Amino acid sequence: MKQAWNGWLLALQLFTTIPIRRSIAWNAAHVRWLVRCMPLAGALIGALSAGVYALFSTFSFSSPLVWALLLLWLGIWMAGGMHADGFMDVSDAFFSYRDVKRRQEIMSDPRVGAFAVLSLICLLSFRWLFLYESLQTGIPPALFAAVPLLSRAGAAWLLSVGKLAKPTGMAASLREYSSWRDAIWALGLAFVLLSLLCASTAISVQTGAALAAAAVVLAAAAKPWAEKQFGGITGDVLGALIEGGETVLWGVIWLLHSSVMG
């Protein structure tokens, strides 16, 4: 139990800006639980956003346009911008149209290129649009927890099954002490939490199933794509999957609710 708790705290330290003032050893037991808790860390970020949305959406002066922007940036800030940085690095490398070795070098370069900036603007613009349109339909706050829950569950799976692009870096550090069993744990925890949200009617079963299916397709497609384009997975690739996945999942929510409203 202590190892699980330390792994949970380590996940919060690494993947969120929640202040955990405690030194936790980076060892096999803690890292295994860190990987298992990745979806839960995402769900916590989403739950905080859901709480903010539920609290302030009751005010008559609330505007979907403003709230879409605030909730968008709240989610990115709570994740420390870590995954957005990975998305930018992957975009720079992919749009360089160079060979695999050069793309790996570009992802390791701390400098930011034009394609990274343009790609992030495009990504966040579409997410803001999907959020704005969805908020106007009166979506349940629980969806803010479901989206980051599923995006990080997909990243945990990709971490366990994908070929490593290099023996160093964040993905290699996590993979050193974890295995596919830990990914099964992560997927199981995500499934249980999503099922509870559906059972409590916080999210409809149809919406939950559609989001889960979309997350599965994204993670499954990311594996061969990353191995072809970058020689395997890296921490940046995992971050790109999380950020890109959240935008796609919000697009699915928008399509589902716009079709119902229509």
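Even glycines carry a Cβ here, placed using N, Cα and C.
So that you can see what the record holds, here are the features copied from Swiss-Prot:
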type	residues	note
TRANSMEM	4-26	transmembrane segment
TRANSMEM	37-57	transmembrane segment
TRANSMEM	59-79	transmembrane segment
TRANSMEM	112-132	transmembrane segment
TRANSMEM	139-159	transmembrane segment
TRANSMEM	183-203	transmembrane segment
TRANSMEM	205-225	transmembrane segment
TRANSMEM	237-257	transmembrane segment
What parts of the chain pack near the transmembrane segment (59-79), using Cβ distances under 8 Å and only residues at least 6 beyond its ends?
15-18, 45-46, 48-49, 52-53, 124, 127-128, 131-132, 135-136, 144, 148, 246
With CB pairs under 8 Å as the measure, which of the listed stretches 37-57, 139-159, 183-203, 237-257 comes out on top against the transmembrane segment (112-132)?
237-257
Selection from 139-159, 183-203, 205-225, 237-257, the stretch that has most Cβ pairs under 8 A to the transmembrane segment (37-57):
139-159
Can you say which of 4-26, 139-159, 183-203, 205-225 has the most Cβ pairs under 8 Å with the transmembrane segment (237-257)?
139-159
Same chain only, please: residues at least 6 beyond the ends of the transmembrane segment (205-225) with a C-beta under 8 Å from a C-beta of the stretch. Say none if there are none.
143, 146-147, 150-151, 153-155, 157-158, 161-162, 191, 194-195, 197-198, 233, 237, 241, 244-245, 248-249, 252-253, 256
